[in-house]
Ligand SMILES: NC(=O)C1=CN([C@@H]2O[C@H](COP(=O)(O)OP(=O)(O)OC[C@H]3O[C@@H](n4cnc5c(N)ncnc54)[C@H](OP(=O)(O)O)[C@@H]3O)[C@@H](O)[C@H]2O)C=CC1
Ligand SMILES: Nc1nc(=O)c2c([nH]1)NC[C@@H]1CN(c3ccc(C(=O)N[C@@H](CCC(=O)O)C(=O)O)cc3)C=[N+]21
């Protein structure tokens with residue numbers, strides 16, 4: 001392997017350490033313990049795993065974790081009522097409603113009912129608008145984690161050619177906004193992009209957020225490029241269930257300058273950034289100085 005491995009697991013541990021320090025200071029100096037509420041509707045096994053791991057990390061950094069598990073048949077009105085209660089609860093600084101929601105719910109309506117200042121996912125329309133106009137906002141966790149790793153590796157990203165594959169509201173679009181904010185020349189590719197291999201070959205930075213196992217082969221990667229693999233795909237290989245990204249790691253690592261693995265790359269950073277956003281939200285709620293280096 002020629003590429004440098006960007007160790008998201010180790011980076012995430014460092015971020016969680018910084019969050020823990022800031023939480024300890026908030027407690028000592030101001031008697032404040034930040035709180036994160038996570039709402040899960042239904043019994044999707046993958047979602048249950050994430051929610052448990054989020055709760056565990058929240059407690060480990062010294063914050064309060066409030067888990068709300070609702071069954072799949074819960075009405076939208078009941079979910080909105082719960083969000084209303086969390087919005088007005090001063091002990092709750094961050095609210096995350098795990099996606100996807102059951103089919104009978106209007107995801108946009110639900111997300112936009114979260115108080116924007118508690119929207120630690122950064123999905124509320126106000127936060128989307130603030131990010132798009134370069135104003136202070138809550139920044140979506142996955143793109144924020146990717147940005148932190150890129151800045152750490154490169155220092156400045158100014159003038160670099162970046163290609164984001166995927167245009168979802170939760171990953172692709174906010175990722176592109178953040179890269180633009182750091183003065184990259186940004187291309188957003190998607191399922192209708194003509195000649196994706198050629199588009200990717202131009203890139204100094206490739207962020208793959210598609211949800212198709214190992215779809216980006218090494219020969220699309222420009223020699224020395226930095227590859228950030230957001231994909232989390234569970235596939236069967238050799239009779240075993242394994243986790244792979246959207247990038248074919250083995251062949252891409254031959255050409256890339258640096259690359260994130262799956263697992264152990266973007267995933268752990270997503271959770272660390274969720275904690276970072278929660279402590280940031282708590283500081284803003286109390287008009288206190290925000291932790292440095294934990295926001296975009
Ligand atoms: N590590 C982490 O923390 C997280 C990981 N993920 C993972 O990231 C991946 C993407 O998630 P998400 O953004 O929610 O996914 P979506 O399904 O919402 O979006 C996928 C995007 O990929 C595009 N796409 C699909 N097929 C192709 C193709 N053949 N060529 C080019 N583009 C294509 C789609 O294009 P179009 O718009 O034209 O349909 C769409 O914009 C998933 O594997 C998910 O599990 C997600 C969130 C967090
Ligand atoms: N409102 C909302 N916000 C989210 O941020 C959100 C969501 N809904 N729905 C689902 C996706 C997915 N997601 C992941 C978080 C961590 C890992 C993670 O830590 N992955 C580990 C592996 C974990 C495993 O083994 O399954 C890793 O990549 O190393 C993965 C995926 C957040 N999401």
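Each Cβ is built from the backbone N, Cα and C atoms, and glycine gets one as well.
TrEMBL has this to say about the protein:
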DOMAIN    6-121  domain 'Tetrahydrofolate dehydrogenase/cyclohydrolase catalytic'
DOMAIN    140-284  domain 'Tetrahydrofolate dehydrogenase/cyclohydrolase NAD(P)-binding'
BINDING   166, 167, 168, 232  NADP(+) binding site
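Features per TrEMBL, on structure.
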{"residue": "166", "record": "NADP(+) binding site", "CB count, 10 Å": "23"}
{"residue": "167", "record": "NADP(+) binding site", "CB count, 10 Å": "18"}
{"residue": "168", "record": "NADP(+) binding site", "CB count, 10 Å": "15"}
{"residue": "232", "record": "NADP(+) binding site", "CB count, 10 Å": "20"}
Averaged pLDDT, computed only over the residues in the domain 'Tetrahydrofolate dehydrogenase/cyclohydrolase catalytic' (6-121): 96
Filtered binding-site residues, from 167, 168, 232, whose Cβ is under 6 Å from an atom of ligand 2: 232
Secondary structure composition of the domain 'Tetrahydrofolate dehydrogenase/cyclohydrolase NAD(P)-binding' (140-284) [DSSP: H/G/I, E/B, coil]: 59 helix, 32 strand, 54 coil
Tally of residues which DSSP labels helix, strand or coil - the domain 'Tetrahydrofolate dehydrogenase/cyclohydrolase catalytic' (6-121): 60 helix, 19 strand, 37 coil
Cα-Cα distance, maximum over 166, 167, 168, 232, record's NADP(+) binders, Å: 16
